[in-house]
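Engineer: What Swiss-Prot lists as ATP binding site is Gly10, Ala11, Gly12, Lys13, Gly14, Thr15, Arg123, Ile132, Tyr133, Gly202. If you look up Swiss-Prot, you'll see Thr31, Arg36, Gln57, Leu58, Val59, Gly85, Phe86, Pro87, Arg88, Gln92, Arg156, Arg167 marked as AMP binding site, on the strength of sequence analysis. Residues or ranges marked as region 'NMP' in Swiss-Prot: 30-59. Among the features that Swiss-Prot reports, region 'LID' is placed at 122-159, with the record citing sequence analysis.
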Amino acid sequence: MRIILLGAPGAGKGTQAKFIMEAFEIPQISTGDMLRAAVKAGSPLGVKVKDIMASGQLVSDDIIIDLVKERISKPDCANGFLFDGFPRTIPQAEALTESGVEIEHVMEIHVDDEEIVARLSGRRVHEASGRIYHVTHNPPKTEGVDDITGEPLVQRDDDQEDTVRNRLSIYHDQTEPLVEYYQKQEAENPGTVKFTRIAGVGPLAEIKDKVLSALGK
């Protein structure tokens, strides 16, 4: 199964990605991981990427697509793969299509913005241990302090409401055109790529069942 998984930060995409990887025995592929691996491996493409990144430039879509094609030719992709965070833009999606990489299913884990803001801005963290609380859904026994150590909890910068809303705005700007692109592909070429939107709210097990059912498991 060759899957593209879309979802705003805080929608629970990472959790569902793990379930999909286990169910289909496929690797999760992100462009960041690919870039780092290529540089580390020292392949001709990796050397080119290293030079570009060292000069502070953005890696072009052409090189990203070459990296993708190189990565999905590896044995662990024999059963398929799960793209996470790629493609991010219409040009990347078009380049992926033109390069002959076939995608079977595009899935978006959809959660309303206000729910995501509530989820993320309510998180509190005990930095030393990594324990995570939520002011509403999983509060500490005593407000503002870790249950075990009694040390203060903090709100990460990434979880500040303004930051969350900014990240959501960027996601919508990038992803809504992608959703339309793949919906159009499905309408114009039935049987090639399927697009599904799954509501990412409710019990985790129910969301997992909806995701795997939509993918044919």
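Just so you know, glycine gets a Cβ as well, placed from its N, Cα and C.
On this model, are these features tucked inside or out on the surface, and what's nearby?
Structural biologist: Under the DSSP three-state reduction, Arg123 (ATP binding site) is assigned to strand.
The Cβ neighbour count for Arg156 (AMP binding site), using a 10 Å radius and every protein chain shown, is 13. DSSP gives Arg156 (AMP binding site) a coil state; it is part of no helix or strand.
When Cβ-Cβ distances below 8 Å are used as the criterion, the region 'NMP' (30-59) is approached by residues 66-68, 70-71, 83-86 of the same chain, each at least six residues removed from its ends.
Beyond the ends of the region 'LID' (122-159), by six or more residues, the same chain brings 167 to within a C-beta distance below 8 angstroms of the stretch.
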Engineer: If you draw a 10 Å sphere around the Cβ of Arg123 (ATP binding site), how many other Cβ atoms fall inside it, taking every protein chain shown into account?
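Structural biologist: The answer is 20 other Cβ atoms.
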Engineer: What are the DSSP helix/strand/coil residue counts across the region 'NMP' (30-59)?
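Structural biologist: Taking the region 'NMP' (30-59) as a whole: 22 helix, 0 strand, 8 coil.
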Engineer: Which whole number of Å gives the largest C-alpha distance between any two of Thr31, Arg36, Gln57, Leu58, Val59, Gly85, Phe86, Pro87, Arg88, Gln92, Arg156, Arg167, the residues noted as binding AMP?
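Structural biologist: If we measure all Cα pairs in Thr31, Arg36, Gln57, Leu58, Val59, Gly85, Phe86, Pro87, Arg88, Gln92, Arg156, Arg167, the largest is 31 Å.
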Engineer: Pop the Cα-Cα gap between Gly10 (ATP binding site) and Gln57 (AMP binding site) into the table, whole Å please.
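Structural biologist: A Cα-Cα distance of 29 Å.
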Engineer: Would you measure the largest Cα separation among Gly10, Ala11, Gly12, Lys13, Gly14, Thr15, Arg123, Ile132, Tyr133, Gly202 for the ATP site and round it to whole Å?
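Structural biologist: It comes out at 20 Å between the most distant Cα atoms.
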Engineer: Taking only the Cα atoms, work out how far Tyr133 (ATP binding site) lies from Val59 (AMP binding site), in Å, as a whole number.
Structural biologist: 37
